[in-house]
Amino acid sequence: MKLLKPSWVNHNGKPIFSVDIHPDGTKFATGGQGEDSGKVVIWNMAPVLREEDEKNENIPKLLCQMDNHLACVNCVRWSNNGLYLASGGDDKLVMVWKRAAFIGPSTVFGSSSKLANVEQWRCVMILRNHTGDVMDVAWSPHDVWLASCSVDNTIAIWNARKFPEIVMTLKGHTGLVKGLTWDPVGKYIASQADDHSLKVWRTMDWQLETNITKPFSECGGTTHVLRLSWSPDGQYLVSAHAMNNSGPTAQIIERDGWKTNMDFVGHRKAVTVVKFNPKIFKKKQKNGSTPKPSCPYCCCAVGSKDRSLSVWLTSLKRPLVVIHDLFDKSIMDITWTLNGLGLLVCSMDGTVAFLDFSQDELGDPLNEEEKNAIHQNIYGKSLAITMGSQLSSTIIENPEMLKYQQEQQRNQNPNGAQASGPENQTPKLTNVLNGESLEDIRKNLLKKQVETRTADGRRRITPLCIAQLDTGGTAAVNSIGMKSNLLLTSASKIEPMKALDSRFTERSKATPGVTSVPLTIGITPLDRVKDSSSVKEPKGKDETSSDSEDKIVVKSMTKRKGEMEGAEVVEKRKKGRPRKDAKIMPISQPFPQTPVSLDKEPSRLTTPVALLKLPTPSIQKSFSTQVSTDGVTYLEVENEVSVVSGSRLSQLKWSREGREWDTLLPSRIIIATGSSDVVAVACEDRTLSVFTACGRRLIPSIMLPAPMSALHCSGHFVMALTASATLSVWDVQKQTALVKNESLNPILSGTDATVSQSFLTRQGVAVVSLSNGKTYCFNSSLETWNLIADKQDSLVQCADFRNCVSSQDALGSMGPLALTQGRNLSAGRLASRLSSMPHHLQQGMTLAFLEKQLASALILLSASEYRHWLLIYARFLVNEGYELRLRELCQDLLGPVHKSSSSSWETTVLGLRKRDLLTEVLPVIGQNLRFQRLFTEYQDQLELLRLK
Amino acid sequence: MAKVQVLNVAVLDNPSPFGNPFQFEVTFECMEDLPEDLEWKIIYVGSAESEEHGQTLDSVLVGPDPAGRPMFVFQADAPNPALIPESDAVGVTVVLITCTYRGQEFIRIGYYVNNEYTDTELRENPPLKPDYGQLQRNILASNPRVTRFHINWEGCAEKMEDSENVDPAPNAMLPPSCTPGKAPPLGLVPDNSMDCL
């Protein structure tokens, strides 16, 4: 272990309350007291890590300092994606900082040090809610939420995707809340307060899961902070200041049953901060020795008011190392590097220390895959976002992939060049200046600037704007949008609370290493040794055996309980659904094509008879209707305008922007409708007349088998739904029938439902929605009715693919399919958020739902929707790791590389070239390095085809 | 949080004859669009002995100030020698640039100014009555002293209720409203009022 105290990291002697290393490891932030304000400073990590960088004057040490907090900053935390920094301070505020893209370096004007801010970080959001000092802030896994706690006894949960929205304020503590930690699985958040309690809250409903008070009842006095920490495997929560036998400890709380049997002992004063190493380790394999299975273990650093720091491995009974007198005052915060080998500690005395461990000391860190495997075993799902920096251990196997990944990164950083290294971080300030250099502007500024006199005769200068700021929420939103690729996490990842509780049953066999941890970790009060600085061999393993027996009992109990809960949930679902649907039903869906025909259907047929009958509109004296979606074409109908030699004539009048035509019909008009190309009119005498948009009759009157119930036009297509429940669709341009008098019997029989609405898509597909929430379309090639939407479909309710939808997709989702499903979709997604369904079930449902959507879009001939759902489907497959399906999808899109006559492969689908679609899908696949071979395989074949 | 940060003040035309106008090129940054103008002032502290010698050389409104980095040159006429005690004409004094928003001063930038004769003979035997035509003004541009005050950016001065707020302290750099004792000007500036590293 190497120890370094970089003296240049300081706040001019003022206390440093918080330190946090950026996830990419290139910089770290400190927070604390400034001169007359709070201060946040971002430092370069390189000079801490390497002596030559420290000596090199061209490498900046300080990257940015922000003195915007009005009072002392108690906590600084980077978001997991590294884009944001959150700080909380005595001014009751939480500020969220973001790197500004378009602004060059600046100094803090007037500061004596003359150090330029190399990076520009500015406050994009101020979160006001707390009525007292903010003590700690914490980003949830995957940056879904930001939590802040305060001396006002509350914890605020902010929606990190929609600042400054507050998701929930957690109330319950009766003392100053001084520390927060998220469960890495995302199911819980824990808080520790001065009220002698540690509370664990569920993220599912934000209610209290457990309140732990016993280890804290003896706690006297106060500490400035109580920063607790959760182990990376999620199994242990370690508190700050706790007491055992009147000695200060850090209490270990097991996730399993929230048992408090173990603690870290040895510090002479209260523990202020505990921080788990983000890595899980396994024993270093010595060269030559036979590899034997070793148990993974965690590593934890504990800092105390007694100014000393201890680092523990959960595989050892004694601390790995204890460092006394590292500081003159209490330790305030600890942060690990992402690789798990470095550690920064800060103190109230205004200094920081860096500890550098070797793998020989800590062990071999598990790579993300192995860590995922552990999570998978314990919680039934993987927690990691399998991409980007987290996949550092995965080797990129070919240049195409590397190029793609680099492009991705560049897209993530619009100022990517700056981010790549501290040396080339001198963005120019010229961007807003129309090519004029700043120097030129300055030369002429006095002459050029606009000076006016105000009404009261005062001089007023209009300043010249030399740069624009990308401040504010919009910028943040944009960047998130831009980063949608990055945030493309799977359903499970963003919905961490839905973890399967199967860990209780699987635990012992799945993660022998983790379960064995208590065997060695436990230091009972009997075994306490004040002088814990020496590392000795563990002894006395016997007392823990009873502990593991206990666990087995609990295991079986919890298992049973879990099953019961599951059953309950299912039951609730069944009960709940019809009510919800009842609510959804009356909401009439948008009906753009012919608003008139069905709105005015005061159903004449009151008693449903055995013979299917559909309501027909009543005959009105006159009515007008808007044709097509252009909003300027109108049809006016006036029945019985004149009587000529005994026969009553009705008039149809068409007008568009001043142009108009009219025609006369011998019978009263029931329904008139039109598209941009044709106008169709149904009369009382069961005839149907079709005209061109100019008023020329296209075909002689069509005789219908029954009165018209609904009539629609779209393009050259005319759809007729008669009162006897038959459907016909004609292409009046080609003069062919697409659907010939097809009965609605298959979809209506056996139900007491009626047709609630119908429409015709632009491609001439007839869509009929029933009052029971089902929507069908008639496929003329299969000659079948196909169910395309069902409001009672549980798949719709439970599918969760929100994370596969990117912002730019929103446009593509408009179309007939969206029209039939409407708001139902979002309702389903909402419901899924609250359900506590097991993950694999949800995964399956989402998959089934997405495949259904794809097929429906296909049958509706809706190309844009097909493409939309195809991309979502592909993202979902990528996120959830369905390799076989992904391969099948790619294979279908690619088709045979070598032409053969026997191949029935179509090159297009709905007019979209399949290979073009594949080109769109491939980047999605490339986002997950796991599929890099698949990516490469199809990328190469596409390239090959392109060269042909 | 302050909505306006002064990024830089460049002193132009320096050193220059005493009678030349002052020119400061100010670059600042607005965190958001400001609905009201900023008011900038140049105050020349003629004498350390009495506030009545402090003269406001000029005040300008600067606006509109959109979010971003605006820049302007603030030019103001040289001080009126008649208002400066003859004994203080030569030597070190101070020029202040202040900025107020909605009537509240949030930044005060002070520069030391040295007035001296360029002519060696005059320097050694200064005339009893200062010859302003021969005086050269040299602003110590490299060492601005900046004091920042927390103000209520949302409302006007009367409505201030922020307990964190600090009034422009009387020990800040020679505000004209206070009467500092006769002491060398450099010593008058307590370090703790400065917002510097």
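Every residue, even glycine, has its Cβ placed from backbone N, Cα and C.
Remember, TrEMBL labels are computer predictions, not curated facts.
Quick look at what TrEMBL annotates:
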type: COMPBIAS; residues: A:528-553; note: compositional bias 'Basic and acidic residues'
type: DOMAIN; residues: A:1-362; note: domain 'CAF1B/HIR1 beta-propeller'
type: DOMAIN; residues: A:695-893; note: domain 'Protein HIRA-like C-terminal'
type: REGION; residues: A:405-430; note: region 'Disordered'
type: REGION; residues: A:528-580; note: region 'Disordered'
type: REPEAT; residues: A:66-98; note: repeat 'WD'
type: REPEAT; residues: A:127-159; note: repeat 'WD'
type: REPEAT; residues: A:170-201; note: repeat 'WD'
Distant-in-sequence neighbours of the repeat 'WD' (A:127-159), which means Cβ under 8 A and at least six residues beyond its ends: 71-72, 74-81, 84, 86-96, 165-171, 173-182, 184-186, 189, 191, 193, 195, 201, 203, 206, 225, 227, 383, 385, 489, 493-494, 496
Three-state composition of the repeat 'WD' (A:127-159), taking helix and strand from DSSP: 3 helix, 19 strand, 11 coil
The repeat 'WD' (A:170-201): DSSP-derived helix, strand, coil residue counts: 0 helix, 18 strand, 14 coil
The repeat 'WD' (A:66-98), counted residue by residue under DSSP: helix, strand, coil: 0 helix, 19 strand, 14 coil
Integer average pLDDT (0 to 100) for the repeat 'WD' (A:66-98): 91
